[in-house]
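Participant: Feature table excerpt (Swiss-Prot):
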{"type": "REGION", "residues": "26-91", "note": "region 'Disordered'"}
{"type": "COMPBIAS", "residues": "34-53", "note": "compositional bias 'Basic and acidic residues'"}
{"type": "COMPBIAS", "residues": "64-81", "note": "compositional bias 'Basic and acidic residues'"}
{"type": "MOTIF", "residues": "120-148", "note": "motif 'Q motif'"}
{"type": "DOMAIN", "residues": "151-329", "note": "domain 'Helicase ATP-binding'"}
{"type": "BINDING", "residues": "Ala164, Pro165, Thr166, Gly167, Ser168, Gly169, Lys170, Thr171", "note": "ATP binding site"}
{"type": "MOTIF", "residues": "276-279", "note": "motif 'DEAD box'"}
{"type": "DOMAIN", "residues": "340-504", "note": "domain 'Helicase C-terminal'"}
{"type": "REGION", "residues": "509-558", "note": "region 'Disordered'"}
{"type": "COMPBIAS", "residues": "538-558", "note": "compositional bias 'Basic and acidic residues'"}
Amino acid sequence: MDIFRILSRGASLKKSKDVTTDYALPSAKQQQYEQHKEDTLQHQVDKEIDFFHTKKHNSSKSFDSTDSKHTKEEKKEKKEDEEAPPLEIQTVEDSIKLRKANHSKVTGEDIPLPIGSFQDMIGRFRLDSKLLSNLLEAEFVEPTAIQCESLPISLSGRDLIACAPTGSGKTLAFLIPLIQSLLVSSKGRPKNYGITGLVISPTNELAIQIFQELQILTRGKKLNVAILSKQLANKLNNDIVKASKYDIIVSTPLRLIDIVKNEKVDLSKVEQLVIDEADKLFDQGFVEQTDDILSHCTYTKIRKSMFSATIPSGVEEMAHSIMRDPIRVIIGRKEAASNTIDQKLVFTGSEEGKLLAIRQMIQEGEFKPPIIIFLQSIHRAKALFHELLYDKLNVDVIHAERTPKQREEVIKRFKNGDIWVLITTDVLARGVDFKGVNMVINYDVPQTAQAYVHRIGRTGRGGKAGRAVTFFTKEDDQAVKPIINVMKQSGCEAGFSGWMENMTKMSKNEKKKVKHKEIDRKDISTVPKLVKHKRKQREQMIEASKKRKQEETRNALQ
């Protein structure tokens, strides 16, 4: 610690919506935290300016004192310095009040009490002081509803199934107990023991975001963390780097399986496993990969956590089959979107009507960037991108055909405000945190209620207001029904007309059909049919001319 940096620190006024005036009185909790911070800082200053070691805390009887003695003394000092503040949640009655306020539903056996503040974890779980410091420095001051419940459950060593709205702090909810548990269990272990923490996510973009938060929280701690990127995978395969040097790995399923099958990564020591966006990872296309990973995590006391904004009953059944007596936490309604999102359904009649609707929104001032527009396919995303370029909008497109580096660059530019409108497929529908997105437009209706909740969850994050507009045509009359149900559960009945609600309910077969088969749609274009026909005729004439020339060349050679 740099003592001169501490002594030269000045005051700083933090911009916050919670501070109404310059002279507003701090809350009891703020006073408590500031006093605790001041005491800790004062002790560190006293300790570092005691250059001649005259104070008791640095005295030693001989120069031969063992490392263990120093460790014990340091632990005693920490206990004296960090007297835990009183718990905010102390009784069952306190927990009932908190759960009612947070709309939390918790089921299972022997459920731990929730926490009311991050400081509660000091007294109850001896939360690492540096981890708490990293949290507060990153301005994570108050736990969200999902964090209040999931942190004590996970730190008590219980398996967890957690469902909470998008933007509610789920990443932090699983990273804090993951780090804390490994800090405790890693004491006394040899160096390069191996991977003990594993986080699985369905997309590379989400994995990068999780890794970035992991780096912030582990700052100053002896935990080696990594994201299994293409570059790291190559190094592991070529034995340039050994996987055993890492404590925590964040990865997508397929890349991890490839490395495991090549015997370059050992998952048998994994103590903490987190499956983020569990509904996606247990859906078709991912379930076999997820199952393969689980089969390699053979540690007998492994703790498993599953998080998502939507967890269908089928996924929950699978979760119960691979977990030990899990606790289930639902924040809000299971299939509802965040209540900070104003949702609206717009009937456009046809594909051409969608483009007209967007242009009308621009003219009427409803089009307020930053905006994300979702489409069902790469082909359609590219087509809309070219159409909006003609309208001179500051727009870019991101999809699976672009390289990871290109996607990272586009995301970075969008976050920095260089891009106002981002067109994408479902590759960005999950987990990726874009702060300040004003609106999400579903240009194409998503195929499931879960996909809808995740898409619109890119706005209205962290308690901020957001808007979600979904365009639909006659072809979408089946696919739009689950969305109406989500809107009802989210309290957005005003966002759709009465005749939409009266549409007949979908049968199971219809739901399956909509889920697994994309709707055939016309190409996105405002070019008149006559012009299209002339273009086609011209292309055919050019093609016929080329063929004639090729035949003439062949005949001449003969």
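The backbone N, Cα and C atoms fix where each Cβ goes, and this holds for glycine too.
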Participant: Given the binding-site residues Thr166, Ser168, Thr171, and counting only Cβ atoms in the protein chains shown, which has the most within 10 Å of its Cβ?
Facilitator: Thr166
Participant: Other residues with Cβ within 8 Å of the Cβ centroid of Ala164, Pro165, Thr166, Gly167, Ser168, Gly169, Lys170, Thr171 at the ATP site?
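Facilitator: So the extra residues in range turn out to be Thr144, Ile146, Ala173, Ala309, Gly457, Arg461.
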Participant: Look up Thr171 (ATP binding site) in the DSSP assignment and reduce it to helix, strand or coil.
Facilitator: helix
Participant: Which number gives the other C-beta atoms within 10 angstroms of the C-beta of Pro165 (ATP binding site), all protein chains shown included?
Facilitator: 27
Participant: Below 8 angstroms Cβ to Cβ, which residues of this chain, lying six or more residues outside the motif 'Q motif' (120-148), approach it?
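Facilitator: Long-range Cβ neighbours of the motif 'Q motif' (120-148): 33, 40, 78, 82, 84-89, 98, 102-104, 114, 155, 162, 164, 168-170, 172-173, 176, 179-180, 183, 216-221, 329, 331.
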Participant: I'd like to know which of the binding-site residues Gly167, Gly169 has the most other Cβ atoms within 10 Å of its Cβ.
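Facilitator: Within the set of binding-site residues, the most crowded position is Gly167.
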Participant: Counting across all protein chains shown, how many other Cβ atoms sit within 10 Å of the Cβ of Lys170 (ATP binding site)?
Facilitator: 26
Participant: For the compositional bias 'Basic and acidic residues' (538-558), what are the DSSP-based totals of helix, strand and coil residues?
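Facilitator: Looking at the compositional bias 'Basic and acidic residues' (538-558) with DSSP, the answer is 20 helix, 0 strand, 1 coil.
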Participant: Taking the Cβ of Ala164 (ATP binding site) as the centre, count every other Cβ atom within 10 Å, in any protein chain shown.
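Facilitator: Neighbour count, Cβ to Cβ under the 10 Å cut-off: 26.
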